[in-house]
């Protein structure tokens, strides 16, 4: 085969690969008209731009929210959010996974509003069997109201990892061998909501919602769920196909651990594992594990 033919074939394969990747990316972009239902708030939740944008609003009468049509048992979930601008004190924008029932599992991002000019607080939590009390809170290194940013949850059999714009901010490992419950059996839906929580959200409830600023609006786009969806109790991921999904066994490598450490050193504002007064009988087990290579929380 001459050099020209080789180059032609190589370019052809490159083009085919590019088109396959591009098609996958488009297919993965998601469409709110197909992927979610607005479940409360009357007309305060709106799907716009042919399903590419969803807005939630809050006024004195009500907030609003939506949920995914699918239930999932493990996955990598991404959402781009632009938070309530200006004086957002008292408001909470939530993006989370949650199962049903009184003994539920839940993985939370909650964005606690604040007075104009003061930073948002990113509130994270992990619930297992209806019990949480694993709060970690962070400031962000950017203005989350000026543009969209990507917030991600990785949930697989070994790890729950929270990401902001691809940077890990928190990791919760499966330590069931040490008696620490881990969310692994209950399928969860994705939920988002905007609601009033001025009894606790801003400075412990000292700053109340200024309703003269209403309606408050948060915007959402580009929801993707690279995940095992359940239909009638059957997972879309077989045992064999799960091994082909990188997220299913993903964990933080050494460079990602350095980023996590940097975020927690510079932007963490509360860590339940440092709150000895809250746990007078002793910190939770996962907080006392000494081998930092074994666990990062």
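Every residue, even glycine, has its Cβ placed from backbone N, Cα and C.
Quick look at what TrEMBL lists:
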DOMAIN    2-220  domain 'GH16'
TRANSMEM  6-27  transmembrane segment
ACT_SITE  106  active site, nucleophile
ACT_SITE  110  active site, proton donor
CARBOHYD  114  N-linked glycosylation site
Between residue 114 (N-linked glycosylation site) and residue 106 (active site, nucleophile), what C-alpha distance do you get in Å?
-> 25
Cβ density check for residue 106 (active site, nucleophile), other Cβ within 10 Å (all protein chains) comes to 19
What same-chain residues, at least 6 away in sequence, bring their CB to under 8 Å of the CB of the residue listed as 'active site, proton donor'?
-> 92, 93, 94, 95, 96, 122, 123, 124, 125
Other than its own, how many Cβ atoms are within 10 Å of the Cβ belonging to the residue listed as 'N-linked glycosylation site'?
-> 20
